[in-house]
Structure formats: C-alpha cells, structure tokens
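What TrEMBL records for this protein:
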BINDING   ASP461, ASN488, GLY490  Mg(2+) binding site
COMPBIAS  311-321  compositional bias 'Polar residues'
COMPBIAS  324-338  compositional bias 'Low complexity'
DOMAIN    42-147  domain 'Thiamine pyrophosphate enzyme N-terminal TPP-binding'
DOMAIN    239-305  domain 'Thiamine pyrophosphate enzyme central'
DOMAIN    430-554  domain 'Thiamine pyrophosphate enzyme TPP-binding'
REGION    1-23  region 'Disordered'
REGION    288-347  region 'Disordered'
Amino acid sequence: MTGILDSCKPESHHVGGPLHNGAVSTVQDSHAPSYVATPEATLGRHLAHRLVQIGVSDVFSVPGDFNLTLLDHLIAEPGLNNIGCCNELNAGYAADGYARSRGVGACVVTFTVGGLSVLNAIAGAYSENLPVICVVGGPNTNDYGTNRILHHTIGLPDFSQEMRCFQTVTCYQAVVNHLEDAHEQIDTAISTALKESKPVYLSISCNLAGIPHPTFSREPIPFALSPRLSNRMGLHAAVEATAAFLDKAVKPVMVGGPKLRVAKACEAFVELADACGYPLATMPSAKGLVPEHHPTSSGPTGEPSALHSAQRLSNQPTPTYSRAPFSTTTAPWATPSSSRRRRPSSCSPIAALAKKLKRNATAYENYHRIFVPEGRPLKCEPREPLRVNVLFQHVQKMLSHDTAVIAETGDSWFNCQKLKLPEGCGYEFQMQYGSIGWSVGATLGYAQAVPDKRVIAFIGDGSFQVTVQDVSTMIRNGQKTIIFLINNGGYTIEVEIHDGPYNVIKNWNYTGLVDAIHNGEGNCWTMKVHCEEELIEAIEMATGEKKDCLCFIEVIVHKDDTSKELLEWGSRVSSANSRPPNPQ
C-alpha cells in the first residue's frame with residue numbers, strides 16, 4: 001500500500017496532472033501493482049515516477065556533485081524533462097511559477113550551497129501556499145556520524161544545518177540516507193506537500209539514487225486525496241447562521257482572497273455569486289482567481305464587504321496593518337479549513353451557501369448605476385516620451401484567453417491590477433512575499449507549464465538585475481514569452497516609501513544584454529522603445545512576425561512616472577514603518 005495517503009481510497013479525488021484554478025487534478029485509477037525491471041527499480045527512478053504521477057513533467061535544477069547521479073535517474077524517466085537553470089534561486093522561483101499553473105512544482109539542487117541559495121524562493125512559495133518539492137542531493141551515507149568535514153558545508157561535521165534552515169519554510173522535511181525506508185519518506189514528503197499546499201524539503205544521499213532495492217520493484221499505488229468531510233450538524237448550523245446573517249444585509253458584496261486557490265474553491269465562489277446575485281470583487285492578491293468577465297464582477301477592490309472569502313490580510317494590501325473595513329463582527333469569513341461569523345465554527349464549504357441565500361442584487365445595481373469608467377490617457381504628441389499609462393493602454397489590447405500576465409514586485413503590481421483579464425487569461429504575482437526578481441524565474445516556470453499560452457511579463461529594471469540570467473534558459477527551451485522591461489532608472493517602489501541614493505542603480509543596455517545572452521542560439525528578438533509610435537511597432541512585431549520568438553521590449557520611461565496607487569501605497573507604508581516605539 002506504499003504511497004496511498006489514506007486508509008480508504010475514494011473513487012475520485014486523485015492527484016496530479018494539469019489543473020484548473022490552482023486545483024490539482026487527476027491521475028487515472030491504478031491497475032493491480034506490477035513488477036518493473038530490476039535495473040530501473042532504483043530510488044532515483046521511484047522519485048521520478050512519483051513526480052510524473054502527480055503531474056510534474058519538468059524539474060528545475062542546478063547540478064552539483066551531490067545530485068549528479070540523481071539527475072541521471074530523473075531524466076531517464078519518460079515524461080520528465082530537466083530544465084537546467086543558471087542559479088538555484090531562479091530554479092526555486094521557476095518551480096513556484098510552475099506550481100501556480102500545474103498545482104505542484106519541483107526543483108533539484110545540491111547540498112547546502114545549493115539548498116541555502118534556493119531557500120529564499122522556497123520561503124516565497126510557502127507564503128503563497130504553493131506545493132513545491134525541493135529535492136537536495138545530500139552527503140554520502142558513509143559520511144554521517146564520522147565527524148568528517150565535507151566541502152559545500154560551513155566546516156562543521158553536523159550535516160543537519162541545511163534541514164534546520166528549511167524547517168520554518170516547509171511543511172515537511174525528510175533526510176533519506178537508508179534505502180529501506182526511502183520509498184516511505186519520499187511518498188510522505190510528496191503527499192504532505194499536496195495535502196498542505198506548502199513546500200517540502202527532501203534530502204537524498206548522493207550514493208543512493210542509482211541503487212536498486214526491492215521496495216522499488218512494484219508499481220506504486222497512485223496518490224489519492226480523500227475529501228475533507230465536514231461535521232454534518234456543524235455544517236448545517238454554520239450555513240444556517242451565515243445565510244440568516246447575509247439575508248439581513250442591505251447591500252451585500254462578495255470579496256475573494258488568495259486562499260481560494262488553496263481551497264480549490266474558485267468555481268464554488270462563482271457559483272455562489274450566480275445564486276445570490278451579490279457583486280463580485282477580489283483582493284489585489286487574488287486577481288486572476290475570479291473571472292473578471294463575470295456579469296457582477298467589479299475586479300480588484302478594497303471596498304467593504306459582507307462576505308469576505310478565503311482572504312488573508314497583511315500589511316501589503318492593507319499597509320496600515322488593519323483588517324478594517326473587513327470587520328469580523330460585520331462579515332462572515334470562509335477559509336480553506338473553517339468559516340466563522342464572530343467566532344470560529346465548523347468547516348463550511350462555500351457552495352453550501354448557494355442553496356440557502358436569498359438573491360439580492362441591490363449592491364450591484366447601485367454600483368452599476370453610479371459607476372464612471374476611468375478616463376483614457378491624454379493623446380500623446382508625436383514622438384513624445386512614452387508614459388506608463390499609455391503603455392498599459394496598449395497592453396490591454398494584447399490580452400486574450402491565449403495569454404497570461406506575470407507582474408513583478410513594484411509598480412508593475414499596481415499597473416497590472418488595472419488590466420481587465422479576458423476569460424481564460426492567466427495572472428500571477430507574488431503579493432505576500434514580494435521578493436524582487438521573482439518574476440524572471442516564475443515566468444520561466446509558468447511558461448514551461450503552459451506552452452499553449454503566451455506569457456507577458458512586466459519587470460522593472462531593478463528587479464531584472466537580480467535574476468536576469470535565466471532569460472537564457474527561456475531562450476534555450478524555446479519559450480515565446482514577451483518581456484516588457486520597464487526602465488525607469490532605479491528601485492521606484494522603494495523611492496515612494498523612502499528615497500535615497502541607494503535607490504539609484506547603474507543603467508544597463510538591457511536589449512544589448514539580452515542580445516548577448518541570445519548569442520545567435522535560439523529565437524530571440526529585442527527592441528528599445530522610447531515613444532508610443534515605437535511601442536506600437538514593437539507590439540505589432542512581437543505579436544506578428546516574431547510571434548514564435550522570445551520578445552524582449554525595453555521601455556524607457558521617466559523615473560517619476562508612477563501610478564497614483566503606488567504613490568498612495570508608498571506613503572502608507574512609510575507611515576507604518578516610521579511609527580515610534582510604544583512607551584515601555
């Protein structure tokens with residue numbers, strides 16, 4: 001029964017494969033366990049087979065002497081492709097981006113020097129509730145307990161330092177240095193990542209990956225996730241109380257949050273909106289999870305709500321560290337594991353409310369009555385320096401169900417929030433962790449996961465300088481992403497919080513740099529844009545003649561050309577950061 005997650009396997013609820021709205025989808029029902037060829041019955045092939053089984057067809061790696069044999073066995077597995085990255089940080093970011101589309105991602109690095117490099121990306125995946133399998137090639141089993149000091153370590157004979165660093169940013173850690181229980185540790189790590197929707201750490205001794213063992217000689221039973229069952233009486237009480245509360249509301253509104261992805265509740269959320277007629281809105285961190293073409297959708301918002309679903313508040317979307325206006329005394333909350341109205345109650349699936357609520361479209365009718373569309377940017381003079389709002393006016397026309405948007409930390413956050421996403425258009429950004437440079441690796445991983453979509457990434461020059469190297473991996477793997485590099489001469493998001501000389505960066509010839517990375521190998525096209533006329537030409541080329549290339553468009557804008565939302569956000573963050581200490 002190796003690999004099964006629960007004592008009883010349901011008829012459905014299998015895991016693995018492509019997904020919808022962040023939900024892990026299915027693997028076919030298993031047949032009777034069968035023997036496999038002995039030479040292939042190795043730890044490395046078992047891990048590879050398990051990854052393929054849950055829907056991972058690409059692993060992002062950086063080779064090192066402790067993981068080389070493991071990589072041999074991973075790439076020997078049919079259906080598993082190795083994507084070699086330029087550094088471990090980007091490999092982790094790529095696994096993050098991949099997991100956003102496929103529901104799970106994986107990266108493979110070497111011991112300590114690789115593990116501690118990927119740690120920041122794994123922390124970001126943890127904050128965003130993404131199941132990422134972080135595999136580390138560990139020391140030889142014979143080195144444990146010998147008091148030897150190994151290379152790639154900090155000079156101590158204790159090899160547990162790396163695992164201890166991962167303990168706070170992963171939901172499970174395993175060090176595999178015995179073949180007898182290796183299958184159990186691997187399966188437990190993968191199943192825990194899927195169940196908890198969090199990253200896991202898996203260290204595998206470098207001399208074990210290629211050794212056959214009887215525990216790997218049978219075809220393992222596919223993973224299966226049993227549905228979480230609510231207490232029937234508790235569910236009934238919670239739904240009745242919530243429905244009674246909401247039916248008294250005069251102008252109720254539904255607001256979705258980022259944990260809709262974790263709860264796999266995006267469709268249920270929309271079904272509830274269809275049933276009750278409440279207007280739909282999302283927190284900025286949930287953009288893309290709720291369809292913006294829905295008849296009652298008003299897009300990302302921070303307005304008061306009567307139903308605030310699966311939301312987590314931090315000082316990013318609410319810089320004042322306040323839950324207001326989302327008061328727990330005036331709004332019921334639904335999360336992946338519980339719901340509450342004033343005090344916690346039992347688990348309450350959102351869909352159950354759809355059968356109980358009275359239809360009330362008052363808030364939407366009022367909103368529709370008073371809504372005034374945002375004005376269009378003033379028409380540019382011929383050859384006038386390009387403005388950011390003009391850039392995004394043209395970007396809006398590029399979006400379709402065949403595209404996906406990746407927004408980097410910075411003003412791209414705020415400008416991309418205003419984009420109206422067509423049905424089927426993907427959208428990802430890292431609101432909670434906000435690590436600059438995340439988008440390069442994430443774009444690589446996301447594009448690898450959805451080759452049928454064209455990814456459009458918006459990256460500031462400061463962020464790009466952190467992780468630029470893996471543009472080469474995009475070219476190497478034939479990706480057709482369009483990257484808009486917004487060159488405004490510095491860390492503009494930091495400028496609006498607290499300015500100083502440290503926010504100015506050395507300007508690069510970014511198109512020249514990407515041309516050098518391209519080096520005539522693969523398909524890549526670049527253009528530098530200064531005005532609207534050049535932007536129109538660049539977009540026409542990127543979507544026309546160069547549609548099968550990776551297109552890199554460097555957009556030159558003024559250093560003070562920022563969105564009004566960034567100005568307001570920066571002011572609030574500055575105020576929050578500069579609060580004096582409380583009296584002791």
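Don't overthink the numbers, they just go from 1 along the chain as shown.
Cβ atoms are placed via backbone N, Cα and C, with glycine included.
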Quiz prompt | CB-centroid shell, 8 A cutoff, Mg(2+) site ASP461, ASN488, GLY490, site residues removed | solution = GLY460, GLY462, ILE486, ASN487, GLY489, TYR491, THR492, ILE505, LYS559
Self-check item: Per-state residue totals over the domain 'Thiamine pyrophosphate enzyme N-terminal TPP-binding' (42-147) - DSSP helix, strand, coil
Solution: 50 helix, 22 strand, 34 coil
Practice problem: Run through the Cβ atoms and count how many others sit within 10 Å of the one on ASN488 (Mg(2+) binding site). | Solution: 21
Practice problem: Would you count the other CB atoms within 10 A of the CB of GLY490 (Mg(2+) binding site), including those on all shown protein chains? | Solution: 20
